[in-house]
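Beneath this line is the structure, given in structure tokens, with notes to follow.
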Amino acid sequence: MSASSDQQVLVAAQGTAPTTHAQLAAWVQEVSALTQPSSVYWVDGSQEENDRLAAELVDGGTFVRLNDELFPHSFAAFSDPKDVARVEERTFICSKEEKDAGFTNNWMDPAEMKAILTDRFTGSMRGRTMYVIPFVMGPLDAEQPQYGVEITDSAYVVVSMRIMARIGTDVLRKMEAEKAFFVPALHSVGAPLEPGKADVPWPCNDEKWIVHFPEERAIWSYGSGYGGNALLGKKCYALRIASAIARDEGWLAEHMLLLKLTSPEGKAYNVAAAFPSACGKTNLALLTPTVEGWKAETLGDDINWMRIGKEGELRGVNPEYGLFGVAPGTGWSTNPNAMRAIAKGNSVFTNVALTDDGGVWWEGMTDEVPAHLTDWQGNDWTPESGSPAAHPNSRFCTPISQVDMLAPEYYSPDGVEIHAILFGGRRKTTIPLVTEARSWTNGIFMGATLSSETTAAAAGALGVLRRDPMAMLPFIGYNAGDYLNHWDSIAAKANPERLPKIFLVNWFRRTPEGGFAWPGFGDNSRVLKWAIERIEGKADAVETPIGFVPTGDSIDLDGLEDFTPADVEVAVRVDHEEWKTELASIEEWFAGFGEALPQSLKDELAGLDERLGA
Ligand code: GTP
Ligand code: SPV
Ligand code: MN
């Protein structure tokens with residue numbers, strides 16, 4: 001029997017008509033013929049199914065079941081040490097024309113790429129189950145639900161996708177009823193199991209391909225089981241493919257957290273903030289304000305889809321369903337809200353350390369370091385070991401519904417009006433704690449020139465300074481010049497009175513002595529308070545060549561020990577020499593865009609040059 005007729009039998013055997021959606025049925029058929037799994041399974045998204053898959057993952061050695069009293073219904077997984085983060089060098093945008101991918105993306109001709117991938121996917125699921133996961137990014141009752149279907153040969157991906165996105169039969173039925181378009185997202189770990197061969201806990205392939213076809217709205221991911229490489233609803237769909245859809249339809253898909261703040265007077269403000277990977281989004285999204293009388297509520301921690309509302313206001317929706325947060329640095333003192341969400345259970349931890357009583361630990365979780373652990377690579381670990389117990393990009397994957405401070409508007413398909421946008425990066429020098437943009441266009445300039453030192457969230461060197469426009473460098477699914485033009489076009493569609501104010505922030509600046517110039521975490525509420533008081537026209541600021549920075553005493557330092565207005569002045573200082581160097585670096589970055597750079601940003605650069613003077 002040929003592989004394809006073999007597969008027809010399999011699909012039929014799993015329920016005579018698993019779907020009435022003709023394109024979906026055809027695609028599943030085609031993929032199973034190509035990848036030749038031993039069975040095809042349609043994911044229903046139920047708790048029973050999840051428990052069964054988790055039990056299988058425990059039996060297979062992928063999952064360690066955690067102590068139920070410490071972390072109910074929770075599991076730890078440990079990846080292959082070569083599969084621990086997103087792989088930007090192996091990430092491709094395969095538009096028909098190279099110029100549509102632009103100079104910031106890897107590109108290959110779609111037909112050439114399909115030929116390579118077809119070869120890799122041929123038989124890639126042999127000996128494994130092929131799971132079909134119907135999902136939707138954003139609420140299912142949205143005006144136009146954004147559907148996807150991930151096909152994967154990894155049960156770890158199924159269990160994780162159930163936390164990160166709305167999945168299963170409800171989604172499938174609505175998709176069928178609407179005969180809706182869906183993004184086909186194909187994933188294989190690229191490790192076929194030969195008959196009689198034992199599986200490994202974390203199958204993957206040394207060769208990885210994370211490939212997007214923006215015109216077709218399709219995703220093919222091969223060789224990795226980790227995070228953004230494998231949970232295709234997240235970065236691949238909700239950012240890369242969605243950004244291309246958003247450009248065509250006049251909206252924005254952004255790498256942003258969403259936070260609702262209520263002032264002591266009871267006025268609510270929604271803040272969106274774009275920081276590169278591992279630069280503080282989840283922490284700010286789950287902030288406990290240290291400043292009196294202010295309330296914070298979470299709307300989203302990683303992705304924000306923004307549209308222009310009926311009154312010309314900018315509105316944001318979080319398309320995700322869970323948190324996929326950096327574990328190290330998340331602790332009871334820095335982020336108790338995340339810790340409380342995690343403690344409710346129903347979580348998957350990847351590459352953290354195990355405690356002797358069946359719990360998990362990572363650097364920064366508790367002030368006290370356990371005397372003994374099993375590190376993420378399975379070795380005995382003590383504080384003397386000299387290596388981190390948890391991988392720096394280890395993650396917790398937890399339902400967002402478990403966040404106590406979740407704003408009720410999270411569930412609203414219309415989202416919330418955005419009142420302020422922050423752009424921020426990890427910079428030891430130059431960039432002040434906070435700077436208010438001179439105008440909307442000046443704010444876009446801040447976003448377009450955003451820069452940050454690289455982190456463990458992507459494979460490659462750490463601490464290397466790079467430009468990361470709107471924190472989207474690895475996630476723009478098309479030409480970055482077109483992306484900046486798209487941002488530039490938003491104002492014309494919006495009500496100018498309702499455009500958010502834009503701020504540039506840097507929680508990571510150092511003092512001349514080498515310590516952090518700002519305490520960060522919950523105290524970032526003090527910076528947010530200043531930003532909102534700027535919107536309200538209440539707080540003081542100093543005009544500088546780069547924008548408006550707080551005066552030393554305009555930041556509320558009440559209750560903050562050992563931190564004075566003079567320290568604020570250090571944190572917000574605009575150093576002329578540093579900015580001359582920065583200007584040269586921005587000129588170099590802009591030169592890469594050539595003619596694609598919007599005129600408005602050329603004008604902003606010229607204005608900055610002039611204001612900085614000699
Ligand atoms: P991704 O999930 O990769 O997109 O990361 P993220 O932007 O959500 O970053 P996250 O909030 O997880 O923070 C990453 C790291 O930065 C953690 O180790 C935090 O402890 C640290 N961090 C976050 N906020 C602050 C801050 O205000 N000050 C300092 N010094 N460190 C911070
Ligand atoms: C990021 O790197 O920005 C993340 C983690 O949020 S991942 O899902 O792996 O992309
Ligand atoms: Mn992220």
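A Cβ is built for glycine as well, from the same backbone N, Cα and C atoms used for every other residue.
According to TrEMBL, the feature domain 'Phosphoenolpyruvate carboxykinase GTP-utilising N-terminal' maps to 27-247.
The Cβ of Asn393 (substrate binding site) has 23 neighbouring Cβ atoms from other residues within 10 Å, across all protein chains displayed. According to its DSSP assignment, Asn393 (substrate binding site) is coil. TrEMBL lists Arg86, Tyr226, Gly227, Gly228, Ser277, Asn393, Ser394, Arg395 with the feature substrate binding site.
The annotation Mn(2+) binding site is assigned in TrEMBL to Lys235, His255, Asp302. DSSP assigns Asp302 (Mn(2+) binding site) to coil in the three-state reduction, outside any helix or strand. Sequence-distant neighbours of Asp302 (Mn(2+) binding site) (same chain, 6+ apart, CB under 8 A from its CB) are Lys234, His255, Met256, Leu257, Lys281, Thr282, Glu320, Leu323, Phe324.
Here TrEMBL flags 251-610 as domain 'Phosphoenolpyruvate carboxykinase C-terminal P-loop'.
Secondary structure from DSSP puts Asp523 (GTP binding site) in a helix. Per TrEMBL, GTP binding site is recorded for Ala278, Cys279, Gly280, Lys281, Thr282, Asn283, Arg395, Arg426, Phe521, Gly522, Asp523, Asn524.
Residues or ranges marked as active site by TrEMBL: Cys279. The Cβ of Cys279 (active site) has Gly424, Gly425, Arg426, Ser452, Thr455, Ala471, Phe508 as same-chain neighbours under 8 Å, each 6 or more residues away in sequence.
Listed in sequence order, the binding-site residues among Gly228, His255, Gly280, Thr282, Asn393, Arg395 whose CB lies under 6 angstroms from an atom of ligand 1 come out as Gly280, Thr282. Candidates Tyr226, Ser277, Ser394, Arg395 (binding-site residues) were compared with Lys235 (Mn(2+) binding site); none lies inside 10 Å Cα-Cα.
Following the DSSP three-state reduction, the secondary structure of Arg86 (substrate binding site) is strand. Ligand 3 lies under 6 Å from the Cβ of Ser277, Asp302, out of the binding-site residues Ser277, Asp302, Arg395.
Cα of Gly228 (substrate binding site) to Cα of Phe521 (GTP binding site): a distance of 25 Å.
Checking the binding-site residues Arg86, Ser277, Gly280 against ligand 2, the ones with a C-beta less than 6 Å from an atom of that molecule are Arg86, Ser277.
Cα spacing between Gly280 (GTP binding site) and Ser394 (substrate binding site): 15 Å, rounded to the nearest whole number.
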